[in-house]
Amino acid sequence: MSMIVLQDIIYILLLIGLSIPLGIYIYKVMSGEKVFLTRIFAPVENGIYKIMGVKSNEEMGAKKYALSALAFSGVGLFFVWLLQLLQGILPFNPARIQSASWHLAFNTAASFVSNTNWQAYSGENGLSCLTQFLGLTVQNFVSAATGIAVLFALIRGFVFRKKTTIGNFWTDLTKITLYVLIPISFVLALVLVSQGVVQTFSPYKEVTMLESGAAQTIPLGPAASQIAIKQLGTNGGGFFGANSAFPLENATPLSNLLECLSLLLIPCALCVSFGKAVKDSKQGKSIYITMMILFVVALGITTISEQYTGPAFDGVVASGSMEGKEVIHGVGASSLWATATTAASNGSVNSMHDSFTPLGGMIPMFLMQLGEIVFGGVGSGLYGMLAFVLLTVFIAGLMVGRTPEYLGKKVEPYDMKMVCLIILTPLMFTLLGTAAAVSMPDITSWLTNSGAHGFSEILYAFSSMGNNNGSAFAGFTANTVFTNVVGGIIMLLVRFIPMVAAISLAGNMAKKKSVAVSEGTLSTTNTMFVGLLIGVILIVGALSFLPALALGPIADYFTMR
Amino acid sequence: MTKTMKILRPAVMCFLAMTVVCGIIYTAAVTGIAQLLFPNQANGSIITITLKDGTQKDYGSALIAQKFTGAQYMIGRPMGTTNLSPVSKEQKKLVQERIDWLHSLDPDNTADIPMDLVTKSGSGVDPNITPEAAEYQVARIARERGMNEDDVRAIISKYTTGRFLGIFGEPAVNVLKVNLALDGLL
């Protein structure tokens, strides 16, 4: 256990240490300052603007910004859907994979466009190489970039005074992709290959097994390039079915460390960028601290549960629960990943969450249900958290009878409506989806486990899709018409309703004049505020999900022995 | 119509540009450099062995487990995945079957079995076992092969990897490499 604690502490220190310079770098990129990559990428950037026919300095209002984001995602949705329907007759298909069914293709397209990466298909058996790199890898980049773009639109809303615009979606998207996502992914992908993560267009390799002499097929593909952005962009969709538990996707303790760091790196860095952008680093710091506190508590509970509440078998050495975990990761690195991947809306896994102990599996589920705001998705996590900040400011304002304000902007009824849309949409669809699924007549045949754990499989699935996470209790049979269609629609709604609400909020905030800070202004940077914010987040999450959790993991825990 | 086109045209063009940059150029660049710098790893860490007659044979990937059942071989983790709750009755039954099988392979060994030998991994093809699980099997392998136990241990330790920087991950023994070495192939 002491090794696990040490590993966790050093992981967190590395994460914080890397996030600060990266956050400053992202701020510079987004505010148009020159960075060391400007020389290389500026011509490409300008070329892309030319192709698009947009002027990089043209500012957009909220409506145009939102429509652009929606149109761009819509084009992506259609393309990825079509690509899967046609993959059987298209090139770069060494494993001769068939075209996908319409509903599975829709689910997968919705999943990757919404930065969820829920996978109802099985990685290496469901999609051709072409679909993976031309469809999914691209969405891994651009869905992440879309989230970050919207975050910066919202930040501009707080910063701008009496303006009708909030930036330009196309330049935001292009800058993030070119200057942030591609360079880091490129370096990460190559380091991963050095560890044994595959990167090739060769067909699957046939080998002869040592003892039996029988043939074994080693699945290959351009995996590392996709895995790098899958981790960095809080996407999470594995190249292979077993995701980063699969050794050819995550080969060594070093590759695991790097993949696990890149899970949270950009969401952490964005807290720093936020502080820089609003010219008050303390604002970013208080949000960063809030997220980190929730993360550390969650990590502690998951790890302790996996280490100490696992099963005991006669004649077997008592140790942490190892079902569904790889030897090189053990309980420590598996629990760390499970917590990080659900705190961020990543959803990649290096162990099977379905085989976690009841409470060890509940924490990842609850982190998703909180709305993916403990770091959360790149961009979307922070704009979700800012909605909670506004809610907290609003509640505190009601208590003292003052008009609430945040960053010098008054928070008014329209703003609170948008905040409610951001906060309530995911949790509503999570519960509705779960309820619809349990009322399906043949639901039990979709489950691997029975009883309370079976219900947990359903609740986890819709918590995952309903919050754009993408991880699964993989015993749940996801590839059914019902889950594909309903889940696909839910993933789109919970991604784009809050996104449009955040952009509208930005537009409304940008129009306002700034009010001077007075003695009566609630500080949003002190310890008390962090405590209030944590309280509001936990109350909203607990009120919404405690009944469902009681029927799933909590019942599972109390009935286990 | 023109208003729609004003939004849609950049959306389509931007999407195409991003597909070329992120889908094609990025993927091709990573593949090219990876193949140049790390050809073995990029292609699946295949273990190719030149046999005595000069022919080459691919014995598997160092990262993908193979099933071993003979008492003279080091046994790896059970293959496949279950997604079962670790505290379920179904799991208990399966684990008991695995315990019984390991006991039938080596009836004299009454030591407690390390957890990883009776549980399935997440990938279903975990190529490693813990050093404890390897040590548990040393006496049996040595006896079956007429080898010295310390020689078996030497092979195991040769194919054991530690934590990264002594901190991250867990020590592990690569089952396929040990068995190839036991057979004198590696």
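Think of each number as a place in line: the chain as shown, counted from 1.
Heads up, the Cβ atoms here are built off N, Cα and C, so glycines get one too.
Any TrEMBL annotation is an automated prediction that lacks curation.
Annotated features in TrEMBL:
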TRANSMEM  A:6-27  transmembrane segment
TRANSMEM  A:65-86  transmembrane segment
TRANSMEM  A:133-155  transmembrane segment
TRANSMEM  A:176-198  transmembrane segment
TRANSMEM  A:254-275  transmembrane segment
TRANSMEM  A:287-305  transmembrane segment
TRANSMEM  A:373-398  transmembrane segment
TRANSMEM  A:419-440  transmembrane segment
TRANSMEM  A:485-507  transmembrane segment
TRANSMEM  A:528-551  transmembrane segment
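Within its own chain, the transmembrane segment (A:65-86) has Cβ neighbours under 8 Å at 99-100, 102, 104-106, 108-110, 112-114, 127, 130-131, 134-136, 138-139, 142-143, 146, 149-150, 153, 166-170, 173, 492, 496, 499-500, 503-504, 506-507, counting only residues six or more beyond its boundaries. Panel annotation: around the transmembrane segment (A:254-275), residues 11, 14-16, 18-20, 22-27, 30, 144, 148, 151, 155, 180, 184, 188, 191-192, 195-197, 227-228, 231-234, 244, 281-285, 287-288, 291, 328-329, 333, 336-337, 340-341, 343-344, 346, 348, 350, 375-379, 381-382 of the same chain, lying at least six beyond its termini, place a Cβ under 8 Å from a Cβ of the stretch.
Within the chain carrying the transmembrane segment (A:287-305), a Cβ under 8 angstroms from the stretch's Cβ atoms is held by residues 4, 8, 12, 268, 271-272, 274, 331-332, 335-336, 338-340, 343, 356-360, 363-364, 366-367, 370, 373-375, 382, 385-386, 389, 530, 533-534, 537, all 6 or more beyond its ends.
Sequence-distant residue pairs (6 or more apart) of the transmembrane segment (A:419-440) and the transmembrane segment (A:6-27) include fewer than 3 whose Cβ atoms are under 8 Å, leaving the two stretches without contact. Note: the stretches the transmembrane segment (A:528-551) and the transmembrane segment (A:373-398) are in contact (3+ CB pairs below 8 A, sequence gap of 6 or more).
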